[in-house]
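Below is one structure, written out as structure tokens; the observations come after it.
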Amino acid sequence: MEAELQPQEERSPAPVVGLSLCDSAPLLWRLQDLKAVRSEGLVGALLGSLPRTPRQNVRLGRPLLLLPEEERLLGERGGAAALPAQNQEAAAGELQQRYTEEQQRSFEEQSVLALEDRESALVRAMTSSSGSDPASDEALQHRLLDLEQNFSFPRSALAVQLSTARAGLSHCPEARAFLEADWPIRAQRCPRREARFQVFRDLRGRGFFLTSAGKFGGDFLVYPGDPLRFHAHFIAICLALDESVCLLDVLCAARLGSNVKKTVLLCSPAPDGPVRYTSLQWSGMV
Amino acid sequence: MADQNKPESADNFFNEILSPCELFAARSRSHKIPARGQKDFYPDDSEEQKQRLQQRLDEHWSLISEERVERLGNLVKAVWSPSERIVELQTPAGKFWQTMGFSAEGKQFLLPEEALYLMECGNLQVFHQDLPLSIQDGYEAFLSSDSVSLQQYQVFGHLKRLGYVVHRFDPSSEPSPYARQLNLPRSRDRGGRQLKRKRSPSPAPTSSKTAAASQAEEMEEEDKLPESHLVASAAPQTSSSGAAGEVQARTWWPAEVPERQAGQRSAPGSQRWDFSSICFPDLGSAGRLAPLDASLLPGGVTPGVCDVAPWMRRINLRKVKMSPKEEERERRQRRRDVNKDKEVQRCRNWAEYHKLLERRQAKRQGRPAHLWSGEVQPLHDPTRPISTAELLEKISVIKSTDLLEGAARLKGSEEWRICFNVYQPDSVADFKKSNPGKPYARMCVCSFDGPVPDLRVIKQLSFQSGDVPVVYAAVDHGDISFYTFKDFQLPRDIYP
């Protein structure tokens with residue numbers, strides 16, 4: 001069947017997403033970019049430790065790694081741009097000065113906040129223990145004054161941010177402008193990659209969500225909706241239309257698919273035509 | 001900067017910097033991860049489903065958007081040095097120092113992957129040109145295909161998050177295959193006793209292995225033991241020709257079959273002893289034996305002249321009283337005495353005698369001579385006693401091979417190498433970087449897009465790894481699967 005509905009591609013210009021290469025892998029760092037690609041139905045894979053609880057592998061955090069197919073889809077649509085590289089030595093001295101100034105300001109603001117915090121805690125403690133009578137009120141005022149005079153916010157208690165994405169206008173002053181879609185299409189033109197991309201684009205165009213399926217011995221796991229809410233229904237295996245397949249491989253794939261309650265799809269893009277899908281199923285005859 | 005946070009979208013471009021207020025508020029943040037509930041089977045466009053998806057997405061984004069906020073006092077400060085690709089600590093290290101980092105020239109250093117992991121855990125703040133690096137800066141500066149690749153770091157991080165101690169694998173710090181073969185204690189290991197305990201479960205050395213080892217030791221000439229061992233093994237053979245004078249002629253010619261077997265067993269010796277040139281000692285001349293050929297003896301032994309006369313005097317020459325039955329048996333034996341045998345007497349040396357024995361046995365057992373005269377011979381002589389296991393071994397045309405067989409000769413490849421030594425989490429408490437002990441496994445990182453390691457690679461890497469299993473971590477984008485290739489011997493039932 002020809003893919004007729006391709007809602008994602010026809011939509012009004014999606015925001016340009018900032019990509020950066022790390023060891024030639026396309027990574028997304030900024031939250032807005034992550035949200036943008038997800039809204040386009042691209043899932044990717046999170047690689048980093050989750051800031052909240054870093055020492056576990058169940059939920060991971062930024063960066064988000066894109067599949068080569070996802071990268072190419074974005075690039076072809078003109079939806080991707082390279083994130084500006086780190087500002088070079090140019091104004092290093094100035095940047096350092098701004099950094100120390102900012103940190104000093106943050107320290108001052110935080111010490112005010114810390115004092116307020118302590119004061120409100122004190123007020124809460126004093127008022128809850130005894131009702132409101134003038135004597136205790138006076139005592140409270142006294143204690144508050146005392147606190148204000150003696151309070152010191154230690155430098156070590158300063159909360160600092162360990163930025164995830166390269167952040168801060170000061171780091172890249174020239175990057176204030178919006179990104180321009182300049183992402184080169186890096187995909188290697190080998191038949192297998194090409195077949196994968198055709199299948200990916202077709203399935204995504206039909207509204208499916210795709211992730212890599214190495215753990216299931218296939219090319220893609222195909223989800224009917226966002227993987228956060230739905231299980232994958234299919235394991236897509238991409239094959240050229242004229243490629244001969246070993247029967248044992250087919251059996252392996254089908255057997256594994258049925259064991260994980262998924263249907264194996266053999267996907268073959270026809271030259272200049274629709275992608276042909278063949279599903280494998282146990283016949284149930286004993 | 002913080003106050004510019006909200007207004008226009010253009011300034012919103014890099015908006016992930018927290019204001020002091022947000023920073024302060026972050027100290028009382030929850031550390032729980034929301035549980036993931038049951039998924040739906042199929043999207044039905046219902047409002048309810050949409051709501052649930054939205055809720056899940058909101059949870060997801062709030063988790064993902066969270067920035068690391070740490071108290072300055074809890075952060076270890078470090079500096080990135082790009083030229084050496086290393087991170088130098090500026091303030092005292094934290095608990096992580098027990099399993100990570102190294103000291104050199106009085107300074108403390110972290111490898112880039114360790115530093116990046118600690119940055120991600122919120123333990124370390126790395127500066128470059130007096131500015132703190134973001135996690136993104138860390139990924140982009142620390143990881144590259146010619147030092148630690150992204151995939152290697154993914155595996156490193158995955159294992160670290162699980163609690164394993166992960167160190168870079170350094171082939172030069174491993175004992176060489178040669179040293180391993182000799183079971184030499186490692187010089188830098190001070191805990192010799194511990195090492196011994198570790199090494200003991202290694203597979204029991206087979207006879208061929210010890211032979212090779214002793215040969216190797218001989219080559220090294222650093223131990224006195226192997227030499228004495230060699231002498232000991234050669235001794236029985238020399239005595240049988242050297243001290244022969246003392247014994248009766250009879251013992252020179254034991255019954256046929258045992259002699260044959262003895263000849264068989266000393267097969268390795270035949271490489272050194274050319275029987276065709278060793279002549280029978282002439283015991284009849286009783287008095288003196290010609291000195292032994294020095295070339296037959298181990299080095300350092302000088303053959304002296306052997307005077308048999310005193311020994312001959314001590315021989316009991318009294319006549320043995322025998323019953324007629326015994327006499328009869330004696331007579332019969334005498335008749336069979338090899339020394340009286342005409343054909344044996346015609347033999348001039350051992351080689352001829354051996355040939356004669358072979359000929360005779362072949363004749364007696366009815367072994368078709370033509371089968372054995374050609375170049376192609378039967379795999380086994382049915383007249384030779386042999387155990388079933390040995391026979392099976394002998395007639396198996398395709399020999400089963402060991403994973404490590406011939407691996408020593410293989411050269412390492414550029415593409416495949418062991419990346420990490422992995423130590424189990426429960427060892428962390430008493431882990432010593434200086435003496436980490438035997439790793440639980442070694443990691444080789446490979447990609448789902450790349451080739452599967454071939455037998456050559458598997459052999460070479462497992463040889464390099466010694467008795468520690470090599471685990472192949474296959475990285476498929478975000479997923480990592482771990483595979484091990486194990487040596488397997490087909491079980492064989494033998495009924496002797």
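The first residue you see is number 1, and the count goes up from there.
Cβ atoms are placed via backbone N, Cα and C, with glycine included.
Automated prediction, rather than curation, is the source of TrEMBL annotations.
Values in this document were obtained by computation on a predicted structure and should not be read as measured data.
Using DSSP to sort the residues of the domain 'TSEN34 N-terminal' (A:18-80) gives these counts of helix, strand and coil: 18 helix, 20 strand, 25 coil. Among the features that TrEMBL reports, domain 'TSEN34 N-terminal' is placed at A:18-80.
Feature annotation from TrEMBL assigns domain 'tRNA intron endonuclease catalytic' to A:195-277. The DSSP breakdown of the domain 'tRNA intron endonuclease catalytic' (A:195-277), given as helix, strand and coil counts, is 27 helix, 24 strand, 32 coil.
Residues near A:Tyr223 (active site) in space but far in sequence (CB under 8 A, at least 6 apart, same chain), listed by position: A:Phe208, A:Phe209, A:Leu210, A:Thr211, A:Phe230, A:His231, A:Ala232, A:His233. Under the heading active site, TrEMBL lists A:Tyr223 (among others).
According to TrEMBL, the feature active site maps to A:His231 (among others).
What TrEMBL records for A:Lys262 (among others) is active site.
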- Item | Subset of A:Tyr223, A:His231, A:Lys262 (active-site residues) with C-beta under 8 Å from chain B | A:His231
- If you draw a 10 Å sphere on the Cβ of A:Lys262 (active site), how many other Cβ atoms land inside? 19
- Task: Summarise the model's confidence over the domain 'TSEN34 N-terminal' (A:18-80) as a mean pLDDT value.
- Result: 92
